[in-house]
Amino acid sequence: MSRAQISILAAVVFAIASPIAQAVFDIGLNASQFSQAGDATLRAAGYAFSIWSVIYGGLIAYAFYQAAPRQRSDQALKLLSWPAVAAISGTGLWIWASALNGRWASVLIIVASAFILTLALSRASPAAPEVSLRALMLAWWPLCLLAGWLTIASVLNILTVLTAERLIAAGSRSFAIGALVIALTVVLVVLRQPRLWPYGLPPAWGLVAVYAAEHDAKPQVASIALACAVVIAASAAWQGLVFKRRQVRGGL
């Protein structure tokens, strides 16, 4: 195996082992405790984070798929390999930063991870016009799900830290709405590439969870979050249909 292939396997092991080790050995704060210090401005219902089971499953599939000897010559996978290592490792590093209550470190890690992987996917997609369905299902789409979740999680993380550090007023409606608009804009820009349509699913999921958590205390913010979720889900569905048509025509 190449160094990149080995690094991806190691990154996935680190990402999955980190939350397990933190919980088993009760090291520092868990993710929920870390978020509670500043979730008064915008928060998501706890069930939203169950998406990690899907993401981890996808990353395991990706790790084994890309490790196959025949994938060494796949140029598209090469374009994604090191950004994937950085982003996947970042999910593990975030666990330890939050456990140690490293608020700004957590922001740096999650934003950098989201940016690096999303940019790599956006650049690699037009550079690799022909990709097999297997590669899409076992490499591209798992990475899209990770990038999409890291994007919406970055928004929540930033607001959490700003609130915890008392740089913004707890429960600030203007900052909450502004963050939702920024998240919507970023996601829609990325979704302009049909192959990346799964990227929109985690943000839509997360924003529905924001609605569920905030609809009683902040009905206006919750309604905007739900509207953003609907727009993103519709855009992802449309781009998925566009992608399917192109696939049928042989123009991935």
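Positions of Cβ are set from backbone N, Cα and C atoms, glycine also.
Under the heading signal peptide, TrEMBL lists 1-23. Taken from TrEMBL, the feature transmembrane segment covers 47-65, 77-97, 103-124, 136-162, 174-191, 196-213, 219-243.
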The transmembrane segment (47-65) touching the transmembrane segment (196-213) per 3+ Cβ pairs under 8 Å rule: yes
Residues of the parent chain within Cβ reach of the transmembrane segment (47-65), under 8 Å, 6 or more residues beyond its termini: 8-9, 12, 15-16, 31, 71, 84, 88, 134-135, 138-139, 141-143, 145-146, 149, 202, 205-206, 208-210, 212
Beyond the flanks of the signal peptide (1-23) by 6 or more, those residues with Cβ under 8 Å of it: 30-31, 56, 59-60, 62-63, 66-67, 69, 71-72, 78, 81-82, 84-85, 88-89, 91-93, 95-96, 99
